[in-house]
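Structure, as structure tokens:
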Amino acid sequence: MREWVQSWPVRRQLSGRDPLGRGAAARSAGTDRKTARTSTADGVTKSICPFCAVGCGQNIYTENGRVTHVEGDPDSPISRGRLCPKGSSTLSLVTSPLRPTTVRYRRPHGTEWEDLDLDTALDMITDRVLETRRRTWEDVDDQGRHLHRTLGIASLGGATLDNEENYLMKKLYTAMGAVQVENQARI
Amino acid sequence: MNSDCIVIQGSNMAEAHPVGFQWVMEAKRRGATVIHVDPRFTRTSAVADLHVPIRAGTDIALLGGLIRHVIETGTYFEDYMRSYTNAPMLVGEDFRDTEDLDGVFSGYDPETGSYDVLSWQYEGAEVEASAGFRDERTMVQEHEHAEIAGSGGAPFSGTPSRDDTLQHPRCVFQVLRRHYARYTPETVEQVCGIDQDTFHRLAEALTSNSGRERTAAFCYAVGWTHHTVGVQYIRAASILQSLLGNIGRPGGGILALRGHASIQGSTDIPTLFDLLPGYIPMPHAHQDQDLDTFIEFNAGNKGFWGHMDTYLVSLLKAWFGDAATADNDFCFDHLPRLTGNHSSFPTVMAQARGEVPGYFVIGENPAVGTANSKQQRLGLANLEWLVVRDLNMIETATFWKDGPEIETGELRTEDIGTEVFFLPAANHTEKDGTFTNTQRLLQWHHKAVEPPGDCRSDLWFYYELGKRLKARLADSTDPSDRPLQDLTWDYPVEIGPTGIAEPSAEAVLREINGTDADGDALSSYLEMKADGTTSGGCWIYTGVYADEVNQSARRRPGGEQDLLALEWGWAWPMNRRVLYNRASADPEGRPWSERKKLIWWDGERWTGPDVPDFPVNLSPDHRPEREDAGAESIAGDEPFVMQSDGRAWLYAPAGLLDGPMPAHYEPQESPVPNVLYPKHRANPAREEFARPENPYNPPGDHFPYVFTTFRVTEHHTAGGMSRWTPHLNELFPEMFLEVSPELAAERGLVNNDWAHVVTTRSAVEGRVVVTERAKPLRVADGSGGTRVIHQIGVPWHWGPNGLATGDAANELLSVALDPNVHIMETKAATCDIRPGRRPRGPDLVAFLADRRRAAGLEE
Amino acid sequence: MGANSWYGPLADPSADAGYGADHPERVGFFTDTSVCIGCKACEVACKEWNALPADGVAEQGAGGDVLGMAGMGYDNTGGLGASTYRHVAFVEQRVPATRSAQTDLDMPSMDLPGAVTSGEDRGDATEVRWLMSSDVCKHCTHAACLDVCPTGSLIRTEHGTVLVQEDICNGCGYCIPACPYGVIDQRKGDGRAFKCTMCQDRLGAGLQPACATACPTESIQFGPLDELRARADERLASLQEQGVTEARLYGHDQDDGVGGDGAFFLLLDEPEVYGLPPDPVVTTRDLPSMWRHAAAAALTVAATVGAAFLGGRR
């Protein structure tokens, strides 16, 4: 009770150095509690901005397994902690409520999306690859030249893929015999 | 940052690379002159010292004008040019220039629209170059040479003749001088619409900031590459910068500003049809070509391409492991063979013809993001199955449901047989891996959280797919399955807290780096061997895992390092930050000037703040004993170590398919004739595609205006990563069209009202932004007079899906390609513009047919 | 309460608002518009950190879109508001061509083909200038919003900034007309007033505000106000030396109508051009004298009433 009275702004105003009640005396509990969510994060992970090719450093703040903030990494000699509007929007990008998180399947001639289990989807795609490859395989051309390929499977990758991902893609496609493997880097 | 003059041309750097642009502002603060050459006055122009408005698609005329200016005024950096460029080399007697042949170089075949490039070679080099494969020298093989240029010049063999006095009429310097003799300031004015006063200000800024004491840099982006003559744009800048001595020196260079987080990585470790990792060409189909003959043809004798055998064998060992042995050519025949242009556009056209059943689209959105997007959707609609992996529900996944052709009635959902798998992807905070940025720097991003639901990394997806394919084929006896059976695919897996079994990206990076016979990580590609004892997935990346340390994850704060910051990430090759930096010293190894020193010879070795891009112990006076020993054949005063002559090329004797020197050609679609070469409006070697959905606008009054596509800083590419983000969309919520007050008056366009841009392909609507920043240009009309050209700016971020929707600019574009790299022209085309919204539904189809008929394209 | 609590120079508004001698130094923004590239990173970084809703110019949207263009070129934000604490203004101007003396001599006139030249379509002003400036709450030394707030929601913080305490604000809206810059506003559907907090929470953690952290070109500089003022003087001198005679500081003068701003600017034209009031005055400047008059009046009334009562008793 005594504490409550003492924290009553009018009492603070009349007894403190803020007789006009424009600062210290008028501070609310909410204001005193304000903390940056970067301070309460469980961890900070070093990352790189996923938009353009400048390669700005990003610090990813996380709490309870969720990203709570993304900010420029001041250590980066490239970006010195700065981010453009797109880089600054990274938190919204990675936590977007509009982001689809389940597999969607459209059967041939279908008019609506359907649900599909991820594992089943992988098996179905494996089937499609094997069947298409078998059907469209070219061992030699009409001049007897070694081809060892299929022109039945093509791929187009975005340029925001990791090097490691591109590497596995190129490696797997090449072993599959697919040659129409392309990337945003051309178009 | 170290530059004294920065010319930004073909790039809107402040908007597309704002954080990189801080270094331009930093240089400007320290006194550098910043010049922006662009059809549009952008936020880059706003802070530049000078904006030079240029007619879209005429940059070679301007750069050619600058080359002529530099030669005729003698403002080239003479010592640098004589020693480090191929100015003294003699061109063969058979070569004929565009100036001799009315706009084509020698070797042009009008039937095929392509060149036989043999006559372009140096004197003295051509005989040996044709040895071995003379009988099979075909255009296809020239393509192989063109592709290797991603990591240095095209290789050739032999020792060219030269004249160090630069007087011989066939020496490159004189050939160049004659070629550009007509590119006068008057010509520049007539072609580009740049007045002579402005031209001279640009030339003065450039030449007065080049030389021993000063350096100038060029920054470009897709404003240069997206043309039917795009590669030659870059070549023109290379010639100019080599003449001025601005390559390999601090503050110099030609900087490609690439648009995506790892688009550089996507070419280094290419998901491109014509390349293997590290710019090794994919093999074409040949009679009896084995590994040795492939190497013999594709590797140069001199410089680091001379060791291609070690890179390729190490790659094959990385992919096929123990199965790859010397006896079976290290499984060279496991590689599928090319028989032509299998790039994206021809592939999509084959899809539209129903010839390609399966398609993976990974983090890409061609349904709105690729030129002539209708053609892309027709391809999608004629697949058997389609896998789309993305962060958002993009148009490429939903084309069958609500694509523009459904609205117009050209396609019906029920008729589309494509089976679609949409697999949600993990984002960069949910996975480990490296991006390679625009300065070739690999930077590791650490995983921060687990991906939700079914979201997975592409690494996971391909690892899983590969595992399943291998399991299904384990017992196959079909020889076509051998490559998959032999494929090394054992990556350690880590089970995350939500149960996802993620393959280790670090293990993949280590495989890319390569290992020696003992299984230890290699530290340099110099350690690679052709005997099968080393492996490595991408030779230029070797060293990224040196000492068993993930060098790309190094993050010593920039504040604790010098500007080069060698301990932040890792740059290929060998962590060098400035390529060809041997050129920062004179032939004797002394810095050209104290102000511009970077690498120098200290009497025993090359030293300096950067990693020398040169054999570190090779003294400046070293002269090779043999010309065919790869790196050992490099002389101590030849800085361009990836070139077969060690020199920067003012003239390209090999490696290009549309000319050894850039010549001005109009874009595929242009409102004016080619003033310089009236017989050849556009690049004679460009790739055109005659298809019903890909008509080209004829010249003439039906499409009197020029449009150029562009980005704004508030959005990203076709919007796949930005159209779902509220805070970006409110900043640029709608498709818009940028026009000048003069054009607005001519066509009755009102600010913030609707207008639509029309081509023979489509009509696209947007809000009109009338701005004085857009400036009509006066150019020669080709018949002795002049005319005003209006240029319309069309951003390409929108599409039907997302929070802020609008028409996609790519609907407007045709597909016409640069012959070297098969890149389309998006930066200059013709159009009409009209007030109001475009017709909708079936009316749009009828409207476009009318416009084509009016233009004489359809009966 | 000091002599200049309401008007005039005031070195330490935090001390004036009752913070002890150990309070942190006054911080602020110096926005150097001469290096602004109009990228709006400040707007996005601010909204992301403060979890502000997108508002843009939704009510002007057309074509069924949620959001629409504002018809102001690249500015689709419109202005500062309850959900927009940073706003980048874009100003397009025609200016006379700047040609180097040497080339002028070489080529006095241009009638041949070339860029559309003087007299043809654009009059004498053949070049354009595109000014950009990131506006923000000025965190005035004398903040009328704070003075008029009846609930004590608006306060001066220990950092010398002006803060709306959202747990106190009752949405009365008195602060809105009080602001001489038109910065503060009520959020629709919420009713309370909001404006830039200078990232009060971040300041407490030793971080810079989100906008200044993101700004790619150091157009938005954050720091102790005294340092910023010195830096601004230097920058101004250097620009004027380079011939940028139109450069000027705004909100920098402690003798101005608000006692100087905690967020001040280097501009390249008159403030009105950027949508800033040329001579802002704290709307409560005359409050003390008004109070004195009011008190006198009240006393008179009281005296009269008292007298009446007294008289009545008599």
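Backbone N, Cα and C atoms are what each Cβ position is placed from, and that goes for glycine too.
Annotation comment: TrEMBL describes C:Cys36, C:Cys39, C:Cys42, C:Cys215 as [4Fe-4S] cluster 1 binding site. Taken from TrEMBL, the feature [4Fe-4S] cluster 2 binding site applies to C:Cys46, C:Cys196, C:Cys199, C:Cys211. What TrEMBL records for C:Cys137, C:Cys140, C:Cys145, C:Cys179 is [4Fe-4S] cluster 3 binding site. Residues or ranges marked as [4Fe-4S] cluster 4 binding site in TrEMBL: C:Cys149, C:Cys169, C:Cys172, C:Cys175. The domain '4Fe-4S ferredoxin-type' feature in TrEMBL is assigned to C:27-57, C:128-159, C:160-189. The feature transmembrane segment is assigned by TrEMBL to C:290-310.
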Show, in sequence order, which residues other than C:Cys137, C:Cys140, C:Cys145, C:Cys179 on the same chain lie with their Cβ within 8 Å of the centre of the Cβ atoms of the [4Fe-4S] cluster 3 site. C:Lys138, C:His139, C:Ala143, C:Ala144, C:Leu146, C:Val162, C:Cys175, C:Ala178, C:Pro180, C:Tyr181, C:Val183, C:Ile184, C:Lys195
Mind tallying the domain '4Fe-4S ferredoxin-type' (C:128-159) by DSSP state, helix then strand then coil? 5 helix, 13 strand, 14 coil
What same-chain residues, at least 6 away in sequence, bring their CB to under 8 Å of the CB of C:Cys196 ([4Fe-4S] cluster 2 binding site)? C:Cys46, C:Leu80, C:Tyr85, C:Arg86, C:Val136, C:Cys137, C:His139, C:Val183, C:Ala263
Of C:Cys137, C:Cys140, C:Cys169, C:Cys172, C:Cys175, the binding-site residues whose C-beta sits under 8 angstroms from some chain A C-beta are none
With CB distance below 8 Å as the criterion, list the binding-site residues among C:Cys39, C:Cys42, C:Cys175, C:Cys196, C:Cys215 that sit near chain B. C:Cys39
I'm trying to understand the geometry here, so how far is the Cα atom of C:Cys149 ([4Fe-4S] cluster 4 binding site) from the Cα atom of C:Cys179 ([4Fe-4S] cluster 3 binding site), in Å to the nearest whole number? 11
Of the binding-site residues C:Cys140, C:Cys145, C:Cys179, which sits closest to C:Cys215 ([4Fe-4S] cluster 1 binding site) by Cα distance? C:Cys140
Checking your reading of the structure: which of the binding-site residues C:Cys39, C:Cys42, C:Cys145, C:Cys199, C:Cys211 lie inside a 10 Å Cα sphere centred on C:Cys175 ([4Fe-4S] cluster 4 binding site)? C:Cys145
Enumerate same-chain residues with a sequence separation of six or more from C:Cys172 ([4Fe-4S] cluster 4 binding site) and a Cβ-Cβ distance below 8 A; give 'none' if the list is empty. C:Pro150, C:Thr151
Using an 8 Å cut-off from the Cβ centroid of C:Cys36, C:Cys39, C:Cys42, C:Cys215, can you name the remaining same-chain residues around the [4Fe-4S] cluster 1 site, in sequence order? C:Ile37, C:Gly38, C:Lys40, C:Ala41, C:Val88, C:Ser134, C:Cys211, C:Ala214, C:Pro216, C:Thr217, C:Ser219, C:Ile220
Can you see whether DSSP assigns C:Cys179 ([4Fe-4S] cluster 3 binding site) to helix, strand or coil? coil
For C:Cys140 ([4Fe-4S] cluster 3 binding site) and C:Cys199 ([4Fe-4S] cluster 2 binding site), the CA-to-CA distance in whole Å is 16
Could you check which of the binding-site residues C:Cys39, C:Cys145, C:Cys211 is the closest Cα neighbour of C:Cys169 ([4Fe-4S] cluster 4 binding site)? C:Cys145
DSSP, reduced to three states, assigns C:Cys42 ([4Fe-4S] cluster 1 binding site) to helix
Nearest by CA distance to C:Cys39 ([4Fe-4S] cluster 1 binding site): which of the binding-site residues is it, out of C:Cys145, C:Cys179, C:Cys199, C:Cys211? C:Cys211
Cα of C:Cys36 ([4Fe-4S] cluster 1 binding site) to Cα of C:Cys179 ([4Fe-4S] cluster 3 binding site): how many Å, rounded? 26
Rounded Cα distance in angstrom between C:Cys145 ([4Fe-4S] cluster 3 binding site) and C:Cys199 ([4Fe-4S] cluster 2 binding site) is 18
